[in-house]
Amino acid sequence: MELVDTPSLEVFEDVVVDRQVAGFDPSFWGDYFITNQKSQSEAWMNERAEELKNEVRSMFQNVTGILQTMNLIDTIQLLGLDYHFMEEIAKALDHLKDVDMSKYGLYEVALHFRLLRQKGFNISSDVFKKYKDKEGKFMEELKDDAKGLLSLYNAAYFGTKEETILDEAISFTKDNLTSLLKDLNPPFAKLVSLTLKTPIQRSMKRIFTRSYISIYQDEPTLNETILELAKLDFNMLQCLHQKELKKICAWWNNLNLDIMHLNFIRDRVVECYCWSMVIRHEPSCSRARLISTKLLMLITVLDDTYDSYSTLEESRLLTDAIQRWNPNEVDQLPEYLRDFFLKMLNIFQEFENELAPEEKFRILYLKEEWKIQSQSYFKECQWRDDNYVPKLEEHMRLSIISVGFVLFYCGFLSGMEEAVATKDAFEWFASFPKIIEACATIIRITNDITSMEREQKRAHVASTVDCYMKEYGTSKDVACEKLLGFVEDAWKTINEELLTETGLSREVIELSFHSAQTTEFVYKHVDAFTEPNTTMKENIFSLLVHPIPI
């Protein structure tokens with residue numbers, strides 16, 4: 001997909017340029033993750049975890065009853081342990097999909113629906129019709145069933161565009177759970193509060209797990225074996241993540257980009273790693289995390305260069321050099337970009353060196369997406385300098401690329417296992433399927449809304465909010481409300497696509513879904529990537545600094 005043809009370019013000549021440099025906060029972390037590695041005895045944790053995993057496998061063999069099976073699966077998933085028990089869960093769900101739930105209550109029916117929808121089973125939402133009265137409203141007697149309401153609330157977020165009953169369920173359950181919250185006892189009240197802020201379907205698993213462990217340990221019906229395993233597993237993964245982050249921080253320091261000394265780039269290497277880690281935290285995705293983190297930091301440098309520093313002519317020169325992908329192009333660039341350009345080429349070569357011979361084709365896709373990314377940034381520079389405010393549709397065609405999700409997804413996929421990152425997977429991704437477009441839409445709009453106030457302080461390209469306001473003559477608040485409606489539609493598209501058979505590994509499809517979930521992590525109420533001393537810092541402390549007491 002080509003976004004703009006860059007014309008032939010003249011050699012850059014140094015001139016005095018008056019630049020509007022964005023003032024970004026410096027890195028909070030510095031060398032913390034290089035110099036402050038906390039030693040946890042991993043040997044005993046691994047040994048004990050294996051014992052506990054065997055005990056949990058026995059639970060799957062010995063569990064009796066539909067409700068007990070569903071609760072076991074749900075608990076394991078919410079505690080982030082499901083990657084250890086994929087076969088057991090798949091076998092149990094294959095049995096559950098054929099169970100007649102007509103004689104069960106709201107809690108059980110909604111849990112059954114959610115567990116199956118989460119794994120791609122297209123169970124009908126008609127199962128909830130029996131909970132409506134003659135007027136088509138949810139029954140009054142459900143209003144005091146907090147457990148059933150919460151179960152329905154979380155299930156309803158797996159709805160598609162045609163399932164209006166689930167839209168009604170969200171409104172009904174949210175209103176009533178909010179009313180009941182003050183009268184609920186902990187730890188259930190904490191769980192309700194947590195999921196009212198972000199439903200399970202949109203929660204980053206690693207972040208939710210950290211919170212849920214604290215809730216689950218106070219449950220009167222907790223399983224001590226599962227709880228101990230959850231704590232051990234969290235801490236063992238944290239040890240792995242700390243080691244990876246130490247490597248990443250050392251790599252970033254050694255890279256020593258000249259451009260960083262100009263102080264217009266967001267130094268967010270720790271935040272970049274955390275972004276990648278919350279998408280897929282399992283040991284099997286270590287290489288993907290390392291590659292995607294490095295790529296995300298390069299994207300940040302590229303984005304800030306176009307957006308916050310380079311002139312239009314300099315942007316054109318950089319874009320043209322990237323399209324040619326030749327180190328000889330460095331002489332055409334202004335001095336401050338030369339070091340970055342050459343190191344960028346070297347890093348892509350390092351990515352290729354990380355891959356086995358049969359995997360190296362992936363970098364061809366990655367380079368192509370990088371070129372497209374630079375074209376999108378350049379086009380935005382043109383819009384900015386021309387004070388051009390396009391119609392929303394035109395803006396979205398460009399900005400769902402410039403937001404960087406497509407490139408980032410390609411980078412993460414490039415580092416995944418051979419059975420997942422097949423040639424077919426890359427061809428599917430390159431076709432820009434509906435789920436990729438929907439994920440990019442969510443990230444684009446939430447990014448624009450949370451960064452809107454900061455962007456107004458300097459010359460900037462029109463955002464989706466600006467475009468909507470101009471096209472429809474609305475206020476900022478109305479524009480944001482309407483755009484968030486598009487976000488809700490995009491989530492429903494994702495849900496539909498997760499129920500569609502593609503012939504690819506489900507991990508390929510879910511990777512895009514997990515990437516969209518990061519909006520709750522990065523763009524919930526503020527642009528936490530640009531302003532990291534907010535929720536981002538809190539999450540990094542809880543996920544990467546503080547282990548869970550055992």
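Note that Cβ sites are derived from N, Cα and C of the backbone, with glycine treated the same way.
Per Swiss-Prot, these features apply:
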BINDING   ASP303, ASP307  Mg(2+) 2 binding site
BINDING   ASP303, ASP307  Mg(2+) 1 binding site
MOTIF     303-307  motif 'DDXXD motif'
BINDING   SER451, GLU455  Mg(2+) 3 binding site
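A map of Swiss-Prot features onto the structure.
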| residue | record | Cβ contacts under 8 Å, 6 or more apart |
| --- | --- | --- |
| ASP303 | Mg(2+) 2 binding site | TYR377, GLY404 |
| SER451 | Mg(2+) 3 binding site | SER463, ASP527, THR530 |
| GLU455 | Mg(2+) 3 binding site | SER463 |
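In this view, ASP307 (Mg(2+) 2 binding site) is surrounded by 21 other Cβ atoms within 10 Å of its Cβ, with every protein chain counted. In terms of DSSP helix, strand and coil, the motif 'DDXXD motif' (303-307) has 5 helix, 0 strand, 0 coil. Averaged across the motif 'DDXXD motif' (303-307), pLDDT in this predicted model comes to 95.
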